[in-house]
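**Student:** Dropping the structure in here first, questions after.
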4 protein chains.
Amino acid sequence: MLTTHPFDDDKLREECGVFGVAGAEDAAAMVALGLHALQHRGQEAAGITARNGREFYSHRALGPVAGNFDSAEVMDKLKGDYACGHVRYSTTGAGTLRNIQPLEADLASGGFAIAHNGNISNALKLRDELVRSGSIFQSTSDTEVIIHLLATSPFRTLLDKFIDALRKVEGAYSLICMTPDGMIACRDPLGIRPLVIGKVGDAYIFASETVALDLVGAEYIRSVDPGELVIVTDGELRSHRPFGDTHARPCIFEHVYFSRPDSIVDGSSVYSVRKEIGAQLAIENPVDADYVIPVPDSGTPAAIGYAEKSGIPFELGIIRSHYVGRTFIQPGDGVRHLGVKLKHNANRPLVNGKKIVLIDDSIVRGTTSLKIVQMMREAGAAEVHMRIASPPTMHSCFYGVNTPRREKLLAAMKSVQQMCDYIQADSLAFISIDGLYRAVGEDSRQDIQPQYCDACFTGAYPTPLTDQDEKEQPDQLTLLNESAPTRDEPALAEKVG
Amino acid sequence: MLTTHPFDDDKLREECGVFGVAGAEDAAAMVALGLHALQHRGQEAAGITARNGREFYSHRALGPVAGNFDSAEVMDKLKGDYACGHVRYSTTGAGTLRNIQPLEADLASGGFAIAHNGNISNALKLRDELVRSGSIFQSTSDTEVIIHLLATSPFRTLLDKFIDALRKVEGAYSLICMTPDGMIACRDPLGIRPLVIGKVGDAYIFASETVALDLVGAEYIRSVDPGELVIVTDGELRSHRPFGDTHARPCIFEHVYFSRPDSIVDGSSVYSVRKEIGAQLAIENPVDADYVIPVPDSGTPAAIGYAEKSGIPFELGIIRSHYVGRTFIQPGDGVRHLGVKLKHNANRPLVNGKKIVLIDDSIVRGTTSLKIVQMMREAGAAEVHMRIASPPTMHSCFYGVNTPRREKLLAAMKSVQQMCDYIQADSLAFISIDGLYRAVGEDSRQDIQPQYCDACFTGAYPTPLTDQDEKEQPDQLTLLNESAPTRDEPALAEKVG
Amino acid sequence: MLTTHPFDDDKLREECGVFGVAGAEDAAAMVALGLHALQHRGQEAAGITARNGREFYSHRALGPVAGNFDSAEVMDKLKGDYACGHVRYSTTGAGTLRNIQPLEADLASGGFAIAHNGNISNALKLRDELVRSGSIFQSTSDTEVIIHLLATSPFRTLLDKFIDALRKVEGAYSLICMTPDGMIACRDPLGIRPLVIGKVGDAYIFASETVALDLVGAEYIRSVDPGELVIVTDGELRSHRPFGDTHARPCIFEHVYFSRPDSIVDGSSVYSVRKEIGAQLAIENPVDADYVIPVPDSGTPAAIGYAEKSGIPFELGIIRSHYVGRTFIQPGDGVRHLGVKLKHNANRPLVNGKKIVLIDDSIVRGTTSLKIVQMMREAGAAEVHMRIASPPTMHSCFYGVNTPRREKLLAAMKSVQQMCDYIQADSLAFISIDGLYRAVGEDSRQDIQPQYCDACFTGAYPTPLTDQDEKEQPDQLTLLNESAPTRDEPALAEKVG
Amino acid sequence: MLTTHPFDDDKLREECGVFGVAGAEDAAAMVALGLHALQHRGQEAAGITARNGREFYSHRALGPVAGNFDSAEVMDKLKGDYACGHVRYSTTGAGTLRNIQPLEADLASGGFAIAHNGNISNALKLRDELVRSGSIFQSTSDTEVIIHLLATSPFRTLLDKFIDALRKVEGAYSLICMTPDGMIACRDPLGIRPLVIGKVGDAYIFASETVALDLVGAEYIRSVDPGELVIVTDGELRSHRPFGDTHARPCIFEHVYFSRPDSIVDGSSVYSVRKEIGAQLAIENPVDADYVIPVPDSGTPAAIGYAEKSGIPFELGIIRSHYVGRTFIQPGDGVRHLGVKLKHNANRPLVNGKKIVLIDDSIVRGTTSLKIVQMMREAGAAEVHMRIASPPTMHSCFYGVNTPRREKLLAAMKSVQQMCDYIQADSLAFISIDGLYRAVGEDSRQDIQPQYCDACFTGAYPTPLTDQDEKEQPDQLTLLNESAPTRDEPALAEKVG
C-alpha cells in the first residue's frame, strides 16, 4: 500500500480548526463553508452543531467537510441561526465518533456545545479527579474536562461556571461554545492558537483564520485577544477579561506553515511574512544557482521572496498533482519513490543539467526532503541546494499540533551538516530564529519574554506541562512517545485540538 | 447546490486518457498508477482490463482511479502481465457503466479490449449500417463501432480485420487494444490526440502523456507517429504504416491547456512552451501594472514567462484551495460568487490598491473570468488587466474534447472589446495565432497546410465531419447542440474519448 | 410507500432482548448467536460489549444482528471471554446510536456495561435530579440513570453501589451487567420481564428466553428469580436477594405473543400454553365452521389447539410470505390492501365457499384484523368468525412494551360487538381472563394479588408510575401520547427496553 | 462462517420467475410487486425493464426485489405502461450484472427486452455459430442467443424473426418480451416451465405463478398453453400457435416444491395437491407414531394431509426462525449443527420422549435431513420416521433448475435403506411415482408419453440435450459437473432461467 496521504507527509500538523456563526439564517450552511475553508487544519473528521431556540442539532462524521455536509438531508436537520463547527486530525475508527467535536452536553441550564482548537496540558489529571467524584466521560478528548468542570462547578451562573472551569485548565485553547442564550468565544491567556472575529450582515462570525471569513463573505473585524472571552447574545457582542492583562505568545508556526497564505494572522499577512522569510533566507544563506524552485505548495511564497531578493529566476521545477491523498497498490517491479511521486513530479526538461536551490517551509523527519532531492538528481539536476524557511524543528508541541516523538525529529538528533548529508543535498541552511522574528516584524526575539510561542524551535514552553511532568520531563526522549501521540503510535488519551 | 466541480469550470475539457502495459508483472497495478497520472484528462470514470494468457479481467467504475483501483480485492482480480486502462469525462448515471472503457468483446478469435482517446466523426452513420445487418450494440459509445467493424470484417487475420475497420472510421483516435496475443497501439493519420511509447525493464508502455511514464519509472522512448500502428507480441515491438505517409496535425490545445506542464508532447516541453506563450504575450500585449498574477494553476507557467519578459513581479494574488470538486448548500443570505470562491480566494493584503495583470490560459464561456475579475476588484485591486495565453476559442471541437455549443463560446459571439466589457476587465488581450505557433517553435502558421489542428481557434477542421454533415454544417449554430454534447445538454449518442 | 414492516403490524411489541456469556472462548460470537435467536424481541438495533481482562470492546449498529455482527472485522475486535448484548426496538436515526445498548461507562472502578430489558418508570424524575447535581447524560435512555446512580453512590464497593442504585429505581428490569471482575444478572422484585440461566461447558449464560440457550447449545438451568441478583466471577455463580422475599408478577403476555413458541418461560412450554389457550377458547367460544385457520404465524399453536378441541379441521387458509419487512411503491391504479397482502395471501381454492374460524393472538388497533377478514371474503369465504387467544387489550404497558396510546387500542374504545362490526367479521370472541390464567396452569386469577402482570388487560399496574403521575394519571387518555411513545409519535425521553 | 442461506439448503432450486404488465399506469411498480410475490423463485438478482412509447428504461441489481426496487429514485425512472421483470438465482459478482435479466437490445426495429424462465439446451452450439459470423455477446446467458438469432434472422417482420429464432432453440422457455409495439409471452412446445395470464382493469398480466396475480389484485384468466405465443398490442390479446399441436409435459416438481402452496399451477391448487400427496404417502407408507411433524415450511401441507389420513395428531415440533438467510462466525467452542439451528429449532418440551414422523418434500443431498433427525433425537425423540412427499431425486435437471451434479444426489448413489442409514432415521419412505401422479389427478403415469416432465425422478428427458451430447451423455457422471452448473462449481456458460 502506497499513499499520498498528508499524514505521511514530513510536516507538523495543525490539529484543529473552529468556526462559529451567531445570528444568521442557515447558520449551519455557513459553518459548513467556513470549515471547508479551514479544511487544511484538519481533514480526518468534522462536526457541526446548530441551535434553534433551545434545541441543539448535531452531525459528526469521519472525513472531510465536503461529502459529509453537502446533502440537504443532513443540512436540513441542522436548523437554527446559531451554529458552530470543528475540523480535526486524529486516529480513525468507529469508536472515535464520540471524540468528534463539537462536544455536546445537556446541562441543568440546557444544551451546551464546545469546539476547541488547542490542547489542555493538565487534562489527564483533571479527568482523574472528576471520575473519582462520579463524572462519566463520553470521549477520550481533553476538551471534555471543560464540560464536566462546568457541570460540577459550584458557581451559580453559566458564565461564572465557565470561567471557573477555564481557571482550572492549563495549555492552549481557542474555544467556540454555544449555550441556550448565545455564543461564547475565547482564547487562552497566551493566545497560543489563533481566533478571529468577523461580521456579515448582523451576524458575528468566529474563525481560526480569516480565509474562512472570506469564503462566507464576512468582513474581518479583529482577532480575539489572548485571554479575552467574547459573548454574543441577542445580536450584541460583549467582551470579558477574566484573566486580566496577559502577555501574548501566539504560535509562530502559524506564519511558517499552518495558516493559509491568504489569511491574516494576528494582524499580519501570512503571504507577506512568508515572502519576507524567503528574503531573509536569501540574505542569510545565499547560493549560486540557476533556478529557485519551491517545494509546492507550502514553499512557494518563500521561494518567490528568495528569488526576488537573490535575483535568481523562480521556476516550477516540481509539479504537484491535484489528486493527492490517494492510495495505490505497489506493482511488483517496484516503482522507486512512488509515495512522493504520487504527489510531486520533477519537471525534467527544465531541471536537467541545472544548479537549483529548493525552498521548503520546514524539515521534520527529513524523509520527504531526501526523496525530493533524489527526484531532482534523477531528473538530471547538476546541484541541489536546500533552504528552509524556519529554524530547525527540535522539540515536540503540546498545544494541539501533531508532532512526531522527539527522536523522530531530524533536527533533534543531527547537526545541520549531518542533516545535509542525510537528505543528500549539496548544501542545506535554515533561517535563524532572529531572522524569523525579523520576518514577522520584530527586531529580534526577546529571550526573557519571547513575543511568540516558538517552543518547537527553542524548547521554551510557555505553560506548565502537568500531564507530561507526572510521567517525566518532556525532553527526556524515552517517554515522549507516550506524551506526544502521533498517527502511528496512538497514546492512551487521544488529543484533539 | 454550489459546486467547485471542474465541469462547471470555464474550460475546454480533454475527454480521455489511455495507458497500456505490455509485459510487466502486476501490469494492472502499473496501469492504475498511469491512469492516476492522467487523471486530469478525465475524472468521471475509469476502467482497467488485464490479460492473463487468454483470460481477460476487467473492472470499471464511476469516479476517479484512486478509491476505485486501490483495494487488493479489486486489483487481485486483474491478473496478468498485459493491461490497459482508460479515464474519461462523460455524463454520470448507472446506465453509463456500459460506456466506461476499455470496451471488451468475445470475438471468434478470443477476447478483445479497446481504450480510445478521441472521437469517431462518422460513428452514427456506421452504427446505423451495422445495426441493420444484425449487430447488437452494448453501449452508446462511438468506440464500439470499431469492434463491430472488426467482428464482421471479411478479412482473415485479426490485424487485417483491424486495419479494415480503421479504414472505415473518420476522426481522431489514439487507441490501445489488447488481443489474446499482445497489444496494439495506434494513432489516426493526423495524430490529432497524443500517444507516447515508454519502456521500463522489458515492458513497453503506452500513454497519452509522458507524465504517466514518469510515475511508473518508465523511460520515454518516442511518440507513436500519426498513422502508425504498433504491435507488441512476445516482448517485440513492430511498427506498421497502414495509411502510408501522412501529414500530421496534432492538437495545439494540448500545449495550451490539456497536457500537464511536466509532460513532453510531440517532442516539446509543455512548461517551456507555456512560458514562451507568456513571453510572446508580453511582447504582443504589454501593460503597465504592479504585479503579474496567474489564475492558478493553469495560468502559472505563462504568467512566469510574462513576468520575466515584462519585468513586472510575479505574485500569488489568487490562492487555490486544495479541496476542489466539492459541493455545498448555499446559505440563505447568499454568499456572493460562492462557486468560484470555493476554488479560489483573493490574497487581499497583496492585491489591495494595486494594478494587476491576470494571466489565464483561455476563455470559454467567460463566466469564471468575470467572477475572478470581480473577486480582484472586491479585494481592492486598482486596475485588472486580463491576458490570455491562447487565441479566442471560437469553434467547437469534434475530436474528443468537451466544448460547449458554439453560441455559448464567448469568442464566437463577441468581439474582443465586447468580451472585455463582459468580464469587466480594464483591458483584455489574447495571443495571436502566429504568436502561438511561434511559441511551439514554428515561424508561423502555414495556412495551406497547418502544422497543428487548431480548429477551435480557426474553424479549419482537418477531417470530414460526416455525422455533423448529415444534420447540417457544424458552423450553423442552431444544430450544434445535437452534435457537440455538453454536460448540461446530453446528445443522443454519447461521446467518449 | 407501502410496507410490511413489523412495526406497522397490529401487535404489541416487546422492546428488548438481552444475552450474556460469562467465561467462554469467543464470548462475543456466542452473544451474536444468542441475540439472533432473540431477534423477534427487537430488530431495530443491536449491540455487543465484550471484556478481555480490564479492556472493554463494543460494537453497536442500527438494524438486525445478522449483517452487523457477522464479519470477522467486527467480531475480531470484540475480544474476551465475557460478553453481553442487546437487541431493541426504537426510533431510527443517527442520533440514536448513543441509545443502543449495552450502555458503557468508565467508572472509577473501571469499565461498566449494562443491557436492560424493561422500563424504569421513574427515570425522568431521577434523571432530573442527577443532572442538577452535575451528571452529564450521553443518551436519552432510561437505563442510563442506573449508571449515574451507581457512579455517584456514596457506598464503597461496586456491588453496594449497584444495589443502592437499584433501590432507587421503579419499574421493570432484567439486567445483564459486566464489570472488570465479572457479570451481574438481575431481575426486578416482581420479575416482570423474563431472564433465564443456562450453562455450556464451564460458561454461564443469561438470556431473555431459552430459545437462545438452544441455539448456542447451552443447557437450561433455571430462571433468575424475581428480585434475585446473580454474580459470576472466576467461574463461580453466587446469588443475592437484596430485596428479600418478593411476590412475583411476571408478564403474562410473554405466553400470549412475545416469546417464541419453542421457549420455556417461567417454567412452562410456551407452545403448550398457546395450544391450551386455543382449547380453552374452543370451550368458551365454539363456532360452526368448515375450517380452523390460523393467522400465521403467531396464531398457529392456538389454532391447532382449537382444532383439536373442536374437531374442526386445521387448514392453511392464509400463506405467509417469507420475504417480510419490505417496502414498495404503490402503483397508480391502487392495489387494495397491499400492506397486508405483502405479508399474507389467501389460499383461494381452499377458502372459497367455506365457513372459516380465524385464530389470532390479539387485537391491538384492529386494522390488520379488518384487512384479513376482507381478504378472506374476497377469496370467497362464506362466513368469517374471529377468535382471539387473549382478553381484550385495553391498557398501555409501561414496562418495556411498545403499545399505541390508549385511544388507538380498539378494545379501549369499543365493546366486543362494536369491535366485531369494525373488523367486519360474522362473529368475534376473546378468551376470558380466567380462561387465560387456566391455560397457564392456574385455577383462576387471584384478584387481590394476581399471579401475573396483566395490566394491559386489566389496568392493574403492579408498580408506581411516577413519571406518568407527574404528568397525570395514565388512564387519562389525552396525556398518554407523551408517556407511552409509539413509533409515529416519539416521546421526549426515549424508551429502551 | 456459518450460514442459513437457502443456497446451502438441501433443495432443488427453481432458477427464475418472470412477470409482465401490458397496459397499466405505473407498470413498473406493479412488476416490482409481482416479482416480490415470485421472490421464492430467485433471490440473487432482479431486473425490471419498462417501456414508455419507444423508450426503454431498465434497472438491474444483485439481491432481492425489495431494497432494490422500493425507492422513488429508481422507480420514477422506470416510466411507462408496459413493463416486464425477472428474478433469478445464479452466481454473484460484479461481472454478472450483465447477466441479470431482462436482457435488452437495440435492434433495427427498435428496443427489445426479454425475460426468460427455463434453459436453452443447445445454447452453446448456437452461440458458437453466431460468434463466428460476427455477433458480439454481452452476457454469458443462454437467453442471449434468442436475441442474436432474432437480430440476424432473414425474415422481414419482428414476429417472423422471433418465431424463426424460437424454431432454432431447444429446451425449456417461458418468455416475456417487450417490443416497441407491445408484449409477447410464450411457452415452449412442452410447456415445461409455467406461465399464466391475468387481467386487472384493461391490463394483461403475465406471471410464472398465480400468487403474483393475487398480490397485484389481478384476476386469473388461464395458463399460456404449451407452444402458444400470445401478443398484446393496443390492449388486444392475440394467440398464435407457431408449433401447431403439441403434447404438453409441464414440470411436476412445481407441485412438489417450487410453486407457492397458494398458487394454481396448470389448473390445480398446489396446496390441495400437496395435501393429497401427504394422504397418498400415509396410505403407501403408514407408521406408528405419536405426532406428525412437518419440516417447515415446505413439508407442512403434506404433513396436514398425512395427519388427516393417518389420524395421528399434527404438531409443530420444529420452529422455523423468521430471520433466515443469515451468516455468523462460529464460536471457538463449536456449537453443534449451527447451520441448521439458525433456521430450525426443536420444540423440546413437545418432542421429548415421543415417536414422531417427519414429513419433508424431498431429499437432495441428504445433509439437512441428517441434521434434522439428529436435532430431533437430541431433543429427546424416542423414534424418528421420515416420509418424503416426492419419489427419490435421481437425475439432474437441464431445464432451468439448479441441481447438484448427479453424484451429489443421495438417491442416485444409494438405495432407500442406505439413505435411511445415512440420515440416521428409524425408517424412511418416499411416495411412488404413480402415487405422485395420482395426487396431481392422473390415474397413473403413462410411460409411453408421460403427462409431466419428471426427468429428475425417472431420467426421461423430453427434449434433446445437444450441449450435453457434444460433451457426452448426461448420465455419464464424470462430465456432469460441466453440464449442470451448481453454485460451487460454475460452468463455462452460466445458466439463467
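Yeah, the Cβs are placed from backbone N, Cα and C, and that goes for glycine too.
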**Student:** With D:C251, D:C453, D:C456 listed by TrEMBL as binding [4Fe-4S] cluster, identify the candidate in D:C397, D:C420 belonging to that site.
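**Tutor:** When TrEMBL describes the [4Fe-4S] cluster site, the candidate it includes is D:C397.
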**Student:** Can you match one of D:S298, D:S427, D:S432, D:S444 to the Mg(2+) site that TrEMBL gives for D:D360, D:D361?
**Tutor:** D:S298
**Student:** Of D:C16, D:S298, D:D360, D:D361, which is closest to D:C397 ([4Fe-4S] cluster binding site) if I measure between C-alpha atoms? They're all recorded positions.
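**Tutor:** Closest candidate to D:C397 ([4Fe-4S] cluster binding site), judged by Cα separation, is D:C16.
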**Student:** Looking only at C-alpha atoms, tell me how far D:S298 (Mg(2+) binding site) is from D:C251 ([4Fe-4S] cluster binding site), rounded to the nearest Å.
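**Tutor:** Cα of D:S298 (Mg(2+) binding site) to Cα of D:C251 ([4Fe-4S] cluster binding site) measures 18 Å after rounding.
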**Student:** Please average pLDDT over the domain 'Glutamine amidotransferase type-2' (D:16-235) for the predicted structure.
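**Tutor:** 93, rounded to a whole number.
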**Student:** Do you know offhand how many angstrom separate D:D360 (Mg(2+) binding site) and D:C456 ([4Fe-4S] cluster binding site) by C-alpha?
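**Tutor:** Counting only the Cα atoms, the answer is 17 Å.
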**Student:** Where does D:D361 (Mg(2+) binding site) sit in DSSP terms: helix, strand, or coil?
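**Tutor:** Looking at the DSSP assignment, D:D361 (Mg(2+) binding site) belongs to neither helix nor strand, so coil.
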**Student:** Let me make sure I understand the structure: which of the recorded positions listed (D:C16, D:C397) has the fewest other Cβ atoms within 10 A of its Cβ?
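**Tutor:** It is D:C397 that, of the recorded positions D:C16, D:C397, has the fewest other Cβ atoms within 10 Å.
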**Student:** Enumerate the residues of the same chain, D:S298, D:D360, D:D361 excluded, that satisfy the criterion Cβ within 8 A of the mean position of the Cβ atoms of the recorded Mg(2+) site; list them in sequence order.
**Tutor:** D:K11, D:Y257, D:P294, D:V295, D:G299, D:A302, D:I359, D:S362, D:I388, D:A389
**Student:** Between the Cα atoms of D:C453 ([4Fe-4S] cluster binding site) and D:C16 (active site, nucleophile), what distance do you get, rounded to the nearest Å?
**Tutor:** 18
**Student:** At the Cα level, what's the spacing in Å between D:D361 (Mg(2+) binding site) and D:C456 ([4Fe-4S] cluster binding site), rounded?
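**Tutor:** Each residue's Cα considered, D:D361 (Mg(2+) binding site) and D:C456 ([4Fe-4S] cluster binding site) end up 14 Å apart.
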**Student:** Sequence gap of 6 or more, C-beta under 8 Å: which same-chain residues meet both conditions with respect to D:C456 ([4Fe-4S] cluster binding site)?
**Tutor:** D:L12, D:F253, D:T393, D:M394, D:H395, D:S396, D:C397, D:V401, D:T403
**Student:** How big is the Cα-to-Cα gap, in Å, between D:C251 ([4Fe-4S] cluster binding site) and D:C16 (active site, nucleophile)?
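**Tutor:** D:C251 ([4Fe-4S] cluster binding site) and D:C16 (active site, nucleophile) have their Cα atoms 14 Å apart.
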**Student:** Would you list, in sequence order, the residues of this chain other than D:C251, D:C397, D:C453, D:C456 that have their CB within 8 A of the centroid of the site's CB atoms, where the site is the one recorded for [4Fe-4S] cluster?
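**Tutor:** In sequence order, the nearby non-listed residues are D:I192, D:I252, D:F253, D:Y399, D:V401, D:D454, D:A455.
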**Student:** Name the secondary structure element type, per DSSP in three states, that contains D:C16 (active site, nucleophile).
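**Tutor:** For D:C16 (active site, nucleophile) - judged by DSSP and reduced to three states - the answer is strand.
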**Student:** I'd like the Cβ neighbour count for D:C453 ([4Fe-4S] cluster binding site), meaning other Cβ atoms within 10 Å of its Cβ, all protein chains included.
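**Tutor:** So the number of other Cβ atoms within 10 Å of D:C453 ([4Fe-4S] cluster binding site) is 26.
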**Student:** How would DSSP class D:C456 ([4Fe-4S] cluster binding site) in three states?
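**Tutor:** D:C456 ([4Fe-4S] cluster binding site) sits in a helix per DSSP.
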**Student:** Tell me whether D:C251 ([4Fe-4S] cluster binding site) sits in a helix, a strand or coil according to DSSP.
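**Tutor:** In the DSSP reduction, D:C251 ([4Fe-4S] cluster binding site) maps to strand.
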